[in-house]
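The structure under discussion appears below in the form of structure tokens.
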Amino acid sequence: MTNPAAGTPAESTPTTTRIALLGAGNVGAEVARILLEERDELTERIGAVPELVGIAVRDLDSPRTVELPRELFTTDADALIDSADVVIELTGGLEPARTRILRALNAGKPVISGNKALLARHGAELHAAAEAAGTSISYEAAVAGAIPIVRPMLDSLSGDRVNRVLGIMNGTTNYILDQMDTTGASFDDALAEAQRLGFAEADPTADVEGHDAASKVAILGGIAFHSSYTIDDVYCRGITGVTAEDVEAAREAGYVIKLLGVAERVADDGDPGQPSGVNLRVVPTMLPRKHPLAGVHGAFNAVFVEAENAGELMFYGPGAGGAPTASAVMGDLVAALRRSVAGGPGVGPSFHADLPATSVDGVRTSFSLTLLCPDRTGVLSAISTVFAEHGVSISTMQQRDLPADDQYPGQRLAELRIVTHQARNADLVNTVEAIRGLDVVLDLRGLIRVENPS
Ligand SMILES: NC(=O)c1ccc[n+]([C@@H]2O[C@H](COP(=O)([O-])OP(=O)(O)OC[C@H]3O[C@@H](n4cnc5c(N)ncnc54)[C@H](O)[C@@H]3O)[C@@H](O)[C@H]2O)c1
Ligand SMILES: N[C@@H](CCO)C(=O)O
Ligand code: NA
């Protein structure tokens, strides 16, 4: 693309910028629609005509969610990339997406992608390639879909010191947990409903096991803390073990269970086993109902940021879906093309801080757990002794008498619900293991972290 003559708007006709789109699925088809429908308006905003020159797909005859001119489709992605000025990758997966993006970047072409799985695995390589070639890779769509969070973090908060990022970053799991909370549904029923409504993938493993959210935490944590992380740095637990009873118990205690993605600064507290750095995790977490993230319902996403000077910020909106995600892609495209028109690749993320990702062992958190015990003398003292031996303090304990159960003949039964004060995660885990081993504990369930907002 050539730049229009600067300073002579009346004489210059806008140049054309050639756009290659890879993928015409849920998001890609919506991006193509917007490019075709909004061409004149986008030309005004960019200062050049955005011309969609082709769409690379696997199968020319696949049905599309949007009707698009057939002559745009091609199966030769490499030739399309080579013919374009800018490339939008919306195919997903690691390969061939990675090789194709590198092909574009190495040729100095800006790339826009929504591929969180790829960025959470090979982000550093892609950024290095962009920098070496004097171009850019942008991926607002990769974290929390339509919600502007990547660029606010890169730009607006770049002069502040972020201490913690907490997010509901997966729509499918939030929908499931919200259904369980508001209707008492079981996990399986809520998942089936999410699939019926089209939020969950046909194979929802990456959603319910937390991997999708973990990719987003790796990407956003890297930007927030000026460091480079991969999905392997993220401690990850999904929601498949969360039961209707857990959700009910949390509600009774004034909490709601959410799958939270967290990236937080870990200070050096003198523990040689726990260096300072950044802890990245995705865990089902009990949140007080008054916390702003507790009110995020259905398939919506939200990211809560705690920064030194800005204080608490919340970014809320649709985290998935074709048109909403296409909005984020289009924002990146317009920004990248404006930079091209003005000259220069703009500024990429900085990784200078290089803070290590820390183990979850040293993170201070609280646990809620429910124990099934015989109702007799000495049970409480045996249990509280184990907590004391591990230096973990109990915050609340509630006892409920249970009806007789044939599984435990001749015993009076009680359910104990315990919430601890904050302690090191490793001490809490060791306490739970020791409790599990006690003769007076018949069953231990509903083990879940409790997040105390700052
Ligand atoms: N759908 C969402 O709500 C959403 C939200 C945020 C980010 N994303 C990301 O955006 C990307 C696209 O998501 P989607 O929902 O549109 O996926 P999709 O499965 O609906 O579409 C993918 C498209 O890419 C095509 N494709 C796959 N491999 C290809 C290949 N090797 N060559 C050519 N075409 C190929 C497929 O045929 C399909 O048309 C993914 O990286 C996804 O993680 C999606
Ligand atoms: N499957 C993802 C799509 C957006 O990344 C979700 O449920 O949020
Ligand atoms: Na986003």
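Cβ from N, Cα, C; glycine included.
TrEMBL does not curate its annotations; it predicts them automatically.
Note that the structure is predicted; figures quoted are calculated from it, not measured.
Here's what TrEMBL has on this protein:
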BINDING   Leu22, Gly23, Ala24, Gly25, Asn26, Val27, Gly28, Ala29  NADP(+) binding site
BINDING   Lys116  NADPH binding site
BINDING   Glu201  L-homoserine binding site
ACT_SITE  Lys216  active site, proton donor
DOMAIN    368-449  domain 'ACT'
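On the structure: features taken from TrEMBL.
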{"residue": "Leu22", "record": "NADP(+) binding site", "contacts (Cβ under 8 Å, 6+ apart)": "Gly28, Ile55, Ala56, Ala77, Leu80, Ile81, Val87, Ile88, Glu89, Leu90, Thr91, Ala97, Arg100"}
{"residue": "Gly23", "record": "NADP(+) binding site", "contacts (Cβ under 8 Å, 6+ apart)": "Ile55, Ala56, Val57, Glu89, Leu90, Thr91, Gly92"}
{"residue": "Ala24", "record": "NADP(+) binding site", "contacts (Cβ under 8 Å, 6+ apart)": "Ala32, Ile55, Val57, Ser62, Arg64, Leu68, Phe73, Leu90"}
{"residue": "Gly25", "record": "NADP(+) binding site", "contacts (Cβ under 8 Å, 6+ apart)": "Thr65, Leu90, Thr91, Gly92"}
{"residue": "Asn26", "record": "NADP(+) binding site", "contacts (Cβ under 8 Å, 6+ apart)": "Thr65, Gly321, Gly322, Thr325"}
{"residue": "Val27", "record": "NADP(+) binding site", "contacts (Cβ under 8 Å, 6+ apart)": "Leu90, Gly114, Ala141, Gly322, Thr325, Ala326, Val329"}
{"residue": "Ala29", "record": "NADP(+) binding site", "contacts (Cβ under 8 Å, 6+ apart)": "Arg64, Thr65, Val66, Leu68, Gly322"}
{"residue": "Lys116", "record": "NADPH binding site", "contacts (Cβ under 8 Å, 6+ apart)": "Tyr139, Ala142, Val143, Asp212, Ser215, Lys216, Ile219"}
Where Leu22 (NADP(+) binding site) falls in three-state DSSP terms: strand
Annotated recorded positions Gly25, Ala29, Lys216, filtered by Cβ under 6 Å to ligand 1: Gly25
Neighbouring C-beta atoms (10 Å sphere around the C-beta of Lys216 (active site, proton donor)): 29
Secondary structure content, the domain 'ACT' (368-449) (per DSSP, counts of residues): 23 helix, 33 strand, 26 coil
Cβ-centroid neighbours of NADP(+) site Leu22, Gly23, Ala24, Gly25, Asn26, Val27, Gly28, Ala29, 8 Å, sequence order: Leu21, Glu30, Val31, Ala32, Leu90, Thr91
Confidence summary for the domain 'ACT' (368-449), mean pLDDT rounded: 94
CB contacts for Gly28 (NADP(+) binding site) [other CB atoms within 10 A, all chains]: 29
